[in-house]
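Let me begin by presenting the structure, written as structure tokens, before commenting on it.
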Amino acid sequence: MPHTVSAGTIEIKPHVHTDAIFDDEVKIFIFNVSLLLESHEQGSVGVKIISTHTEVATVTDEIFIIPENKQSNITVTIYGSFLGETALKFLVNKSLNGTIRGDNVDWYDYTGTYKLVVKRDSRPIDTAFTVSIIILVCLANIAMGCKTDLAVVESTLKRPIAPLTGLASQFVLMPLIAFSLGLAFKLDAPLAFGLFAMGCSPGGAASNIYTHLLDGDVSLSVTMTFVSTVASLGFIPMWLYSLGINYIYKGAGSIKIPYQNIITSLLGLLVPVGIGILIQKKKPNWAKNIVKCVPYITALFLVFVFTVGVYANLYIFRVMTPVVLLSGALAPYLGFAFGALVAFIARQSKTNILTIAIETGIQNTGIAIVLLKVSLPPPDSDISITPPITSAIFTPIPMVIAIIIHMIRKKMQKKTLHQPETNVTMLDDTYPDNMDKNVVEMKFEEVPITDKGDDDKSKGDHL
């Protein structure tokens, strides 16, 4: 199409200002086009619209004819392909005021563009998955209450070396680990900020379950989860308002700390654990049976996460590049390692080292996800939750492997311990021909009864 030098003006505005569309959604957009040509100009003008990022949204390939000196409405069909930002670019086939020479030799670029965001729509399966996870975690916390020893909790709080060691690991090591991984792997700002927000979060309730299954100190684990959740009310703002918005996500502006969700997490820990402690005191037999259910609750939890959870968040896998996967997995794994190292340096017992390592590596990803959702604009709010979800998927892997190995070792040790009893029974019931049945000689020593009274008699009888 040859260029025609024309004198005139074109103006394009949205009929209704809507700058968002959901992924996998088809939506109609209407634009008002005003065309004013000079008196010596005649004819119409052709306009078409393209998306600058077709992987985010696509536009129907159509040329709209705008009559001279008239206002017209053009209707555009747009399909939201995936999360992200794009711009609708208007191309005009004549040189008018408001246009510039573009890359396409047959078209001029209209100077104004229309920003479009493709975001994720909330679905019923998302709500169902969240509610189911909350129920399973509450049931597990009731079981942890049945296992919690208040005397141990009181003793731990009186000499809080272990909780303070865990607290230092949780809110010094983990934020720095997450920050370093974001820098090392050169993650985009939303992804790096999501990873950092997860690293600043308190310990997750799942740590109590894994501690129990690995024979750690459940009372210490519950205490540390409570302490870290309370401390997060101060530590999360400290980290996010320092490194978070100054170095990682500079456009964040005002970060909204989800205090309500943090308090809800506290209640979600304290109330079920309190119920479990009450059951332990009033119905000890019930408590024992509930504790026995923990492996089954854990198995159901993991199956649910890796089936329904994965299906509900399939879009995440399109964002999960190898670098994102690696950083999301390394965050908890390094937390386990460095948490154990700090506990070892603090000269903690083997059981406490295990408990502190688990508590350090397992984060409350729910708090991080809510924080990111309410603080960042779409689509960054949806993209930034990828590292926390990635971490939640990869965290159970070493835990499950460790639990399987631990259970196998426990069964082998039980067989070893029962072996001597089997030998004694054999010797007691059967005797080889060359063995004297009286080889075991039993001796009784007569204890004289003195005249010192009933007390001495009772002592003699006892002996």
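Cβ coordinates are placed from backbone N, Cα and C, and glycine is handled just like the others.
Keep in mind that TrEMBL annotations are predicted by a computer and have not been checked by a curator.
The feature transmembrane segment is assigned by TrEMBL to 128-146 (among others).
Cβ atoms under 8 Å from those of the transmembrane segment (167-185) belong to residues 191-193, 195-196, 198-200, 202-203, 224, 227-228, 231-232, 235, 239, 243, 248, 323-324, 326-327, 330-331, 334-335, 338-339, 342-343, 356, 359-360, 363 of the same chain, restricted to positions at least 6 beyond its ends. The transmembrane segment annotation in TrEMBL covers 167-185 (among others).
With a threshold of 8 Å between CB atoms, the same-chain residues lying at least 6 positions outside the transmembrane segment (191-210) that come near it are 137, 140-141, 143-144, 166, 170-171, 174-179, 181-183, 216, 218, 221-222, 224-225, 228-229, 231-232, 235-236, 239-240, 243-244, 248-249, 252, 262, 265, 268-269, 294, 297-298, 301, 319, 324, 327-328, 331, 358-360, 362-368, 371-372, 376, 383-388, 391, 395-396, 399, 403. What TrEMBL records for 191-210 (among others) is transmembrane segment.
Away from its own ends, the transmembrane segment (222-242) comes close to residues 144-145, 148, 153, 156-157, 162-163, 166-167, 170-171, 175, 196-197, 200-205, 207-208, 255, 257, 259, 262, 265-266, 269-270, 273, 355-356, 359, 364, 367, 371 of its chain (Cβ-Cβ under 8 Å, at least six residues beyond either end). Residues or ranges marked as transmembrane segment by TrEMBL: 222-242 (among others).
Residues annotated as transmembrane segment in TrEMBL: 262-281 (among others).
Under the heading transmembrane segment, TrEMBL lists 293-317 (among others).
Positions annotated as transmembrane segment by TrEMBL: 323-346 (among others). Within its own chain, the transmembrane segment (323-346) has Cβ neighbours under 8 Å at 161-162, 165-166, 168-169, 173-174, 177-178, 181-182, 184-187, 191, 195, 198-199, 352-354, 356-363, 386-391, 393-395, 398, counting only residues six or more beyond its boundaries.
Among residues of the same chain six or more beyond the transmembrane segment (388-408), those with a C-beta under 8 A of the stretch's C-beta atoms are 194-195, 197-198, 206, 210, 213-215, 302, 305-306, 309-310, 313, 316, 320, 324-325, 327-329, 331-333, 336, 358, 361-363, 365, 368-369, 372. Positions annotated as transmembrane segment by TrEMBL: 388-408 (among others).
Non-local neighbours of the transmembrane segment (293-317) in the same chain are 23, 82-83, 120, 123, 125-126, 128-129, 132-133, 136-137, 139-140, 143, 206, 209, 212-213, 382, 385-386, 389-390, 392-393, 396, 400; each lies 6+ residues outside the stretch with a CB under 8 Å from one of its CB atoms.
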